[in-house]
Amino acid sequence: MNKNSSNTMALAPNTSNKRQTVCVFGTGDFGRALGHKMIQSGYHVVFGSRSAQTSSLIPKDAEVLSHAEAAQKAAIIIIAIQRQHYNFLTPLAEILQGKVLVDVSNNLKINQYPESNAEYLAQLVPGAKVVKAFNTVSAWALQSGTLDASRQVFVCGDDMEAKQMVMDIARALGLTPLDRGSLLAAQEIENYPLQLFPMWKFPILLSLGLTTFFFFYCLIREVIYAYVYENKDFSFFIAISIPNRICPVLALILLALVYLPGVLAAIIQLYRGTKYRRFPDWLDKWMLCRKQLGLVALAFASLHVLYTLVIPIRSFVRWRISSRTIALALNNKTEPLNTTNAWLSDSYLALGILGFFLFVLLGITSLPSVSNNVNWREFRFVQSKLGYLTLILCTAHTLVYGGNRFLSPSSYRWYLPNAYMLALVVPCIVLVVKFVLVFPCLDKPLTQIRQGWERKPQYSE
């Protein structure tokens, strides 16, 4: 998202705007909430309504007048009504000449109308200066003051002065206005609140697909195989054992998929010899949802930790330990401490703890409230350098867990390897390719390419 000078101004509005009058057409939830917030910020607010009677719901410091009377009192009029009710503005066209009309409406579905609501408003009142803004902020957030999740306000319009006036109001309310250009961007802005986790679609679908695959994979190996060949009923593994195999597998694979597109992008740039050509669309989309992939991976890692913590209190585990203890006692035997296994066990746990700690650190620094307080170099250090260290630790955690079982025939039931063996494929590929790319013979030209150097002339296609 490009930033211009209007986005980098101080949050405090100009003092000349502190006591100006703002008109709000509409006394619904959003109109009242926005009016109340503006009054708290020092603005005089007048409501335009079909019924010029004060209600207990209207902020007590606001006036309530007819639409025509209210419009004459302010240069900025916020249209807090639905599109289907815009027709009442046509008789007011003369009064609205030269006024700034702020369209805050949303629709019920994406691209509901051929043109945006703001463009339709501009057609109805051609003499007014229409600005689209505030549609990404909810009435509840304005009333409760919890604006952290919806602080950004997209603003667009054809008149720069009118946009600046609206952006000053947004700053006075403690919001962050972002100039999105002309009124042609209004439809995109109106579609934005209707999108349901647009950047989460691929990570969630991928996670669901991998979860389904590994569930049936583990079900075949752990439950069905034991029932067919050993006549044992391990169906209760579905509750904890199988999920505790799926969660770490998905956490590791998804974490590797966060860094795989960066490796692929480096290879493509080295092959092309330039950074001034777009990546394939699938790679662009993949790179844009890396944050979401990482957060989903962190969620699976957290579930793995919780499942692991309950292992000692499981009935099956307590039965197995007590049975082994009784068997040793009846046979008058003791088992000496195997220091090799003790080292492997402690190393496996230590690598898991360190990996999960860095995993959580990556998740925390990806939060907007944290990432906004670190500079680019610090953010890149955590997300890249510590990110690869996290991937190394988690991969080593899985390798040590496998130990010498990788070569054991009993680990391959129906010729199927353990799920954790499959989980190592993608992270090992990423780490090996990344290790190769840090060689000076490849790292130096890649750095030069990313700094703008071109290995050979590139022609537009």
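Note: Cβ is positioned from N, Cα and C throughout, glycine not excepted.
Features reported for this protein in TrEMBL:
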- 21-107: domain 'Pyrroline-5-carboxylate reductase catalytic N-terminal' (DOMAIN)
- 204-229: transmembrane segment (TRANSMEM)
- 249-394: domain 'Ferric oxidoreductase' (DOMAIN)
- 249-271: transmembrane segment (TRANSMEM)
- 292-313: transmembrane segment (TRANSMEM)
- 347-365: transmembrane segment (TRANSMEM)
- 386-407: transmembrane segment (TRANSMEM)
- 419-442: transmembrane segment (TRANSMEM)
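Looking at which of 204-229, 292-313, 347-365, 419-442 has the most CB pairs under 8 Å to the transmembrane segment (386-407), the answer is the stretch 347-365. The transmembrane segment (419-442) makes contact with the transmembrane segment (249-271): 3 or more of their CB pairs lie within 8 A, with pairs spaced 6 or more apart in sequence.
Sequence-distant contacts of the transmembrane segment (347-365) (same chain, six or more residues past either end, CB-CB distance under 8 Å): 251, 255, 294-295, 297-298, 301, 305, 371, 374, 379, 382-383, 386-387, 389-390, 393-394, 396-397, 400-401. Sequence-remote contacts of a segment are chain residues at least 6 beyond its ends whose Cβ falls under 8 Å from one of its Cβ atoms, and for the transmembrane segment (204-229) they are 197, 235, 237-238, 241-242, 245-246, 249-250, 253-254, 257, 293, 296, 300, 413-414, 416, 418-419, 422.
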